Amino acid sequence: MALPVLLLLLFITIPFSESKLSMEYYKKTCPDFESIVRDTVTLKQMANPTTAAGTLRLFFHDCMVEGCDASILISSNHINIAERDADINQSLSGDALEVVALAKTALELTCPGIVSCSDILAIATRNLVIMVGGPFYNVRLGRKDGKVSQASRVEANLIRSNRTMEDIINYFAVKGFTIEEMVALSGGHTIGFSHCKEFADRIFNYNRTTPTDPEMYQNFAEGLKKTCTNYQTNTAMSAFNDVITPGKFDNMYYLNLKRGLGLLSSDHALVKDPRTRPFVDLYAADQAAFFKAFAHAMEKLAHQGVKTGRKGEVRHRCDAFNFIQS
């Protein structure tokens, strides 16, 4: 194949917006960018150890709705109900929102108007995953912040944990992810927690004759019942996604699935479906394989619907669009 044709084909396979991203995007305009973000997230994670899991979830919820453009960070006002106030986003981490805001404030003092909130969220997520034991992966930079954030756009773009595996596989396929990548991204549940309402049906109302899912490890189910007894009145009640090593990013999540220790119905479905079970088995047996797959999937996620040039902006504050700030 002639070289010019090969180069043309290579260019065509790379989305135009993605091709503008670069590992050294801020090298000249804000050389201290990575060190400022690193210092900020380190202090926050040390003070609040659930920050890593919360930020990983925040990043996923951002990228899957309108792309990785920090639209999830926008606050609602009298004329707009923003993404973060959609029902499925009500439990997003305040620590995750705060760590991005803190990094943005520090960066605005050093290099004002240069670094986007979407790039801060992307690199903060990677750094926090590493802090709790997860793999390194490259994050290319140069995203612009989105100019739209509407709660009405969220529900159709995020999948709930009580959906069937068929629905979940189709959802990720529409977003451009393979089954293997979906199972690897699910491994993010190796850290963090879920609110009781997300899995209450599995322990209190499984079906008409059996209140508790019989495939859930019995002692685990009984412990969850005690934890979530008053979940309807105390909506903050929650349980760790990984009951064995909840604060460590490792492959224990997949080992737990095989032991009946999966928390959400979507977690348990991974070990039951013949399309996903082989990857559960692989990652349970080989943490290095999981880390490699997770890193690849996160790099891909970080390029989801990115905005560059005039399609976005660099916000002065992460919770408000520039054009409506006073």
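Every residue gets a Cβ built from N, Cα and C, even glycine.
Sequence-distant contacts of His61 (active site, proton acceptor), defined as residues of its own chain at least six apart whose C-beta falls under 8 angstroms from its C-beta, comprise Ile72, Glu83, Ile88, Asn89, Leu92, Leu158. TrEMBL lists His61 with the feature active site, proton acceptor.
Marked as Ca(2+) 1 binding site by TrEMBL: Asp62, Val65, Gly67, Asp69, Ser71, Glu83. Close to Val65 (Ca(2+) 1 binding site) in the fold, though at least 6 residues off in sequence, lie Ser71, Ile72, Glu83, Arg153, Val154, Asn157, Leu158, each with a CB less than 8 Å from its CB.
The heme b binding site feature in TrEMBL is assigned to His189. Cβ contacts within 10 Å of His189 (heme b binding site), excluding its own Cβ and spanning all protein chains shown: 26.
Annotation comment: TrEMBL describes Thr190, Asp242, Thr245, Asp250 as Ca(2+) 2 binding site. Packing around Asp242 (Ca(2+) 2 binding site) is summarised by its Cβ count: 27 other Cβ atoms lie within 10 angstroms of its Cβ, all protein chains included.
Within its own chain, Cys111 (disulfide bond) has Tyr26, Thr29, Cys30, Asp32, Phe33 as residues 6 or more apart in sequence whose C-beta sits under 8 angstroms from its own. Sequence annotations record features per position, and here TrEMBL assigns disulfide bond to Cys30-Cys111 (among others).
The disulfide bond feature in TrEMBL is assigned to Cys63-Cys68 (among others). Within 10 Å of the Cβ of Cys63 (disulfide bond) there are 28 other Cβ atoms, across all protein chains.
The disulfide bond annotation in TrEMBL covers Cys117-Cys318 (among others). Taking the Cβ of Cys318 (disulfide bond) as centre and 10 Å as the limit, one finds 22 other Cβ atoms among all the protein chains shown.
Per TrEMBL, disulfide bond is recorded for Cys196-Cys228 (among others). Cβ neighbour count for Cys228 (disulfide bond): 20 (other Cβ atoms within 10 Å of its Cβ, all protein chains included).
Marked as domain 'Plant heme peroxidase family profile' by TrEMBL: 20-322.
Annotated signal peptide per TrEMBL: 1-19, in sequence order.
Residues or ranges marked as site 'Transition state stabilizer' by TrEMBL: Arg57.
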CA-CA within 10 A of Arg57 (site 'Transition state stabilizer'), subset of disulfide-bonded residues Cys68, Cys228, Cys318 in residue order, equals none
Candidates Cys30, Cys68, Cys117, Cys196: member of the disulfide-bonded residues with the richest Cβ shell (10 Å): Cys117
Rounded Cα distance in angstrom between Cys63 (disulfide bond) and Asp250 (Ca(2+) 2 binding site) is 23
Check: same-chain CB within 8 A of Ca(2+) 2 site center, minus Thr190, Asp242, Thr245, Asp250: Ile191, Ile244, Pro246, Lys248, Phe249, Asn251, Met252, Tyr253, Asn256
